[in-house]
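S.K.: I'd like to ask you about the structure that follows.
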Ligand code: EPU
């Protein structure tokens, strides 16, 4: 265990904000973590406690008065087939420590030809926070491949294994962020991988980019529709030889790099807001606005969630309000993806980001009557 007092957190939040915490502790095992909670009084670490990964989805609104914990539990362990349950014969189970960099795990899978996390390649952060936040990109969410999450229950001091179902995953949401916030500290995650191709290419231009390299790719049965039913089973499908998890990973990283700022160059925390899910009546207001502005033939980008709800890209709403590429002092709205707030000069202070956030929320609400909610966690 390493302990540092009055620690500068600039390198522990991808916004690059110069904030500090009273104490910073890195633990390398479940035993160390148990000791921290079992003997909090003995160690005397200042309260409150906060667990972070790479700080890639965090906005420190001020210096943190308590102790920031970080997992250095780093291992990738394929599980013995005996640990598989019936019906999971095709699934390769791999347990990964919470402190492993998420993209290192994606690369590990791609290097071994294993399908699962390839669409989530390039996302900053670590495995533990990926499971807390239910990271998602290019049509996949991490919940799709999580089998179970191992954590310390800080109330009972026991290690618990939560099956994915008990994590109650939703869009960028889980019990770890909601009803059980502060109760569990993730130590490892078991993922379900597959050596049989399981490409998910239907988001945006992913299919087009992949097919440029490997030629036409059949639509898997589970992703087919009435117009394109796809083959009956994945094993019957004739996949192009060049279609590998590595190809999809490389394609996704290429798309990300062309749209999202690199936090090691320009401070940011990815999408600052969630994409709002609104009732059809609210969507109609947006549609009327767009038709008035761009003509009857214009179609607002949206996704029908069923049950009368529509998801609208926050990026589109923010762009309509004129924020794309906006600069003010040390902060701005990224010119290629307005869902991302950036620390343009590297010298931003939390209040500048919060002021810009508030202005954006206010203007979208004024124009469309829709309230944007931050995706980035404010601490
Ligand atoms: N759009 C615009 N203007 C822009 C950019 C996008 O109007 O300048 C509209 C377009 O209609 C586009 C739509 O927004 O089709 C969606 O854009 P994009 O595919 O870039 O995705 P997003 O909804 O803005 C989400 C995730 C990202 C993830 C991408 C790709 C959220 C909050 N964000 O963004 O995740 O990489 O999809 O799957 O769900 C993150 O969570 O930090 C993150 C970057």
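Note that Cβ sites are derived from N, Cα and C of the backbone, with glycine treated the same way.
Nobody curates TrEMBL annotations by hand; they come from automatic prediction.
According to TrEMBL, the protein carries these features:
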{"type": "DOMAIN", "residues": "17-196", "note": "domain 'FAD-binding PCMH-type'"}
{"type": "ACT_SITE", "residues": "172", "note": "active site"}
{"type": "ACT_SITE", "residues": "271", "note": "active site, proton donor"}
{"type": "ACT_SITE", "residues": "375", "note": "active site"}
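Walk me through where these features lie, including what they touch and how far apart they are.
M.R.: Neighbour list (residue 172 (active site), Cβ cut-off 8 Å, at least 6 residues apart, same chain): 133, 134, 135, 136, 274, 375.
Within the same chain, residues at least 6 positions away in sequence whose Cβ sits under 8 Å from that of residue 271 (active site, proton donor) are 314, 339, 340, 375, 376. Under the DSSP three-state reduction, residue 271 (active site, proton donor) is assigned to strand.
Take the CB of residue 375 (active site) and look out to 10 A: across all protein chains shown you find 19 other CB atoms. Following the DSSP three-state reduction, the secondary structure of residue 375 (active site) is coil.
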S.K.: Do you know the mean pLDDT across the domain 'FAD-binding PCMH-type' (17-196)?
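M.R.: Taking every residue in the domain 'FAD-binding PCMH-type' (17-196) and averaging pLDDT yields 94.
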S.K.: When DSSP states are folded down to helix, strand and coil, where does residue 172 (active site) land?
M.R.: coil
